Amino acid sequence: MSSFHFYFPSVGLFSFFCFFLVSLATEPHIGLGSKLKASEPNRAWVSANGTFAIGFTRFKPTDRFLLSIWFAQLPGDPTIVWSPNRNSPVTKEAVLELEATGNLVLSDQNTVVWTSNTSNHGVESAVMSESGNFLLLGTEVTAGPTIWQSFSQPSDTLLPNQPLTVSLELTSNPSPSRHGHYSLKMLQQHTSLSLGLTYNINLDPHANYSYWSGPDISNVTGDVTAVLDDTGSFKIVYGESSIGAVYVYKNPVDDNRNYNNSSNLGLTKNPVLRRLVLENNGNLRLYRWDNDMNGSSQWVPEWAAVSNPCDIAGICGNGVCNLDRTKKNADCLCLPGSVKLPDQENAKLCSDNSSLVQECESNINRNGSFKISTVQETNYYFSERSVIENISDISNVRKCGEMCLSDCKCVASVYGLDDEKPYCWILKSLNFGGFRDPGSTLFVKTRANESYPSNSNNNDSKSRKSHGLRQKVLVIPIVVGMLVLVALLGMLLYYNLDRKRTLKRAAKNSLILCDSPVSFTYRDLQNCTNNFSQLLGSGGFGTVYKGTVAGETLVAVKRLDRALSHGEREFITEVNTIGSMHHMNLVRLCGYCSEDSHRLLVYEYMINGSLDKWIFSSEQTANLLDWRTRFEIAVATAQGIAYFHEQCRNRIIHCDIKPENILLDDNFCPKVSDFGLAKMMGREHSHVVTMIRGTRGYLAPEWVSNRPITVKADVYSYGMLLLEIVGGRRNLDMSYDAEDFFYPGWAYKELTNGTSLKAVDKRLQGVAEEEEVVKALKVAFWCIQDEVSMRPSMGEVVKLLEGTSDEINLPPMPQTILELIEEGLEDVYRAMRREFNNQLSSLTVNTITTSQSYRSSSRSHATCSYSSMSPR
């Protein structure tokens, strides 16, 4: 336990602070000539309130040290947030000195390890700030107040309000593969600009692969900066004075709101400590310091950029990444020609096979020395520098392997389909790692005189030892067999007796986290729903029941009411795809059942039910949502839809956006449900496939006119939903008279007359922000334009509602609404009234089959940050 930290023990009913008396200097300014020594690890320069300290920390498990900034008041090993010498630990002879010239120098045995390069720049003093930023300060007369700061040279951590500009990047500690490291920085690709994560090869500074990107910020103006704000939201700010913001992650809980309320009541509450870390496994993860009431404290993860570890390039070195049984961790497999590394630290990683190329270049009889090994359903990440050739007119799969064998520099080749057209990539390196891909085949060049899988380190001595060991084991086969049989019987008995308790543990450890869907048996779901006795509702795809898992966790179980055309494997594949989508405004898919003909989905339970119960209630005000809540729901719903339209790995058209499919949690945070239940479409496809249903009143005109269905159909449905949120009523409501039964026509009239507040739910009695009402109505009418090209994307809708775009022009009246009005609302009303009386239950449109067929390809699995050279 380090003596840097403060401790707060308690005895009986008395609590007191017990501080270890160490020489932590809390001077506000550090003068020229001040020093810190690694041989005196209990000395450090500390911020005014003791939150952060800069000094030397031990580089475990060695006896060397790092110059570091860390959280000074937290128990346990120091949580380091900055270090300039991570790759060059120093001995106990090291010294940090603020020299008389104003230069901050780290030296070890008279050798300079690192310097701030601020000699003769007017530095007068230094200070460790409460924000975690170490500053070298001048005077107003010389070079200004701040001459150098640690925030301008970030390591692997971003602290609240620490700017990450276009010229800066976070860099991880070396990855476990030892071949590379990860970085977070602004990526300029062709005409796009985004915040991205890349894997970089150490020996080749130009070899890198981008495997994750944040929202596209190509169209923003002014300086662009990524920042973690005080509320725990990670965003990109831009424009003059950074007034615009695009969220990478928006924290649903505003800690400052609770903090301010406590302050107003005369209470004290420590601000929440957070850090955003680029870990050496390639994931960008947000942590919050959690002080438990029971006295235990720890860093708790709040958000991660990547949910599937196999989406991270280089996580398995040059091996192939598979998910383990928990679906949360990477399980690394080696290709033919390579073996698991023997040292324990790299037990999951594989040896290199680059020697094949060298041997090939020095061997005259090249083809006779090597052969091709085939690895099914496997693809590889690669960059432009990894590629020898891309062959698009390959005749068959086998030909792709033969092409690699005939090329001396080829290490492997990948065959797959791109928009149903075959391709073959000839690769000279596999540094970025592989992943499972059902649509691809990998061909690996291996030595002809060896069979695989095998251990290339085998020698005669090891073979003799293993042979002798096998002989000894065979002496007692009967005894071993009996012991195994008894053990198996005991395990089987224990499993049967303890099944229910095991289910509860699994649910608590896996289901609640919802990182990946959990497989249930049909009997499991019968038990947790009390034989499907508590009906929550019926939707376009099935019936939903309330259930309880592990005796305490509420879930919603949807039983699909139609037989799916595809088999169990395809169903599970789609379930895993949906389950991998994590967004605060999407309902999490936590589990599934695929047993015989049963197909069920298990979702997180939303205590406040669906949005329609809150905006279409009667004159009673019990369920009345105020305007602020409505507008926040509208914005958040748009963010959720924009996510699966534009940001997730598989582009999805929802096809049934309506209030019944917008669920509300206990904080009235909206979550879109039923996404992905219609067929998924590849990023290169523009038409949705068969088995799609929608609800009348929310369907875009192209459904009726048999035009291609794109994501803009969801935009239309969202526009109709947004109108209903504003008006607090159905767009088509036969309980109104002929003049008012059609809300869009009435609302458009109020918008153009400048009396938009009259279009707001009458129960609110005019209590609403008029500017937001006008904005919502304009966006809604742009969304429901008849011409698809005139509708904005959902990403643009979010910007319009959040106010990060320019002034919204008045949209033209949609043609269908105009024709309806010109036809005469009185006649239309009478006709619809007759239909309403005759067919009360006819509310859904049956299955619509588009003319486009769908066929899966490797391209359909592309992430938004895929390399232009990679089929992924």
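Just so you know, glycine gets a Cβ as well, placed from its N, Cα and C.
Per Swiss-Prot, the features are as follows:
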type: SIGNAL; residues: 1-25; note: signal peptide
type: TOPO_DOM; residues: 26-472; note: topological domain 'Extracellular'
type: CARBOHYD; residues: ASN49; note: N-linked glycosylation site
type: CARBOHYD; residues: ASN117; note: N-linked glycosylation site
type: CARBOHYD; residues: ASN208; note: N-linked glycosylation site
type: CARBOHYD; residues: ASN219; note: N-linked glycosylation site
type: CARBOHYD; residues: ASN261; note: N-linked glycosylation site
type: CARBOHYD; residues: ASN294; note: N-linked glycosylation site
type: CARBOHYD; residues: ASN353; note: N-linked glycosylation site
type: DOMAIN; residues: 360-447; note: domain 'PAN'
type: CARBOHYD; residues: ASN367; note: N-linked glycosylation site
type: CARBOHYD; residues: ASN390; note: N-linked glycosylation site
type: CARBOHYD; residues: ASN449; note: N-linked glycosylation site
type: CARBOHYD; residues: ASN459; note: N-linked glycosylation site
In three-state DSSP terms, the structure that ASN219 (N-linked glycosylation site) belongs to: coil
ASN449 (N-linked glycosylation site) versus glycosylation sites ASN49, ASN117, ASN208, ASN219 - nearest by Cα: ASN208
For the domain 'PAN' (360-447), the number of residues DSSP places in helix, strand and coil: 18 helix, 44 strand, 26 coil
When distances run from the Cα of ASN208 (N-linked glycosylation site) to each of the glycosylation sites ASN117, ASN219, ASN390, the nearest one: ASN390
Long-range Cβ environment of ASN49 (N-linked glycosylation site), under 8 Å and at least 6 residues apart: GLU130
Other CB atoms, at most 10 A from the CB of ASN208 (N-linked glycosylation site): 21
Rounded mean pLDDT for the residues that make up the topological domain 'Extracellular' (26-472): 82
Lowest local Cβ density (other Cβ within 10 Å) among glycosylation sites: ASN390, ASN449: ASN449
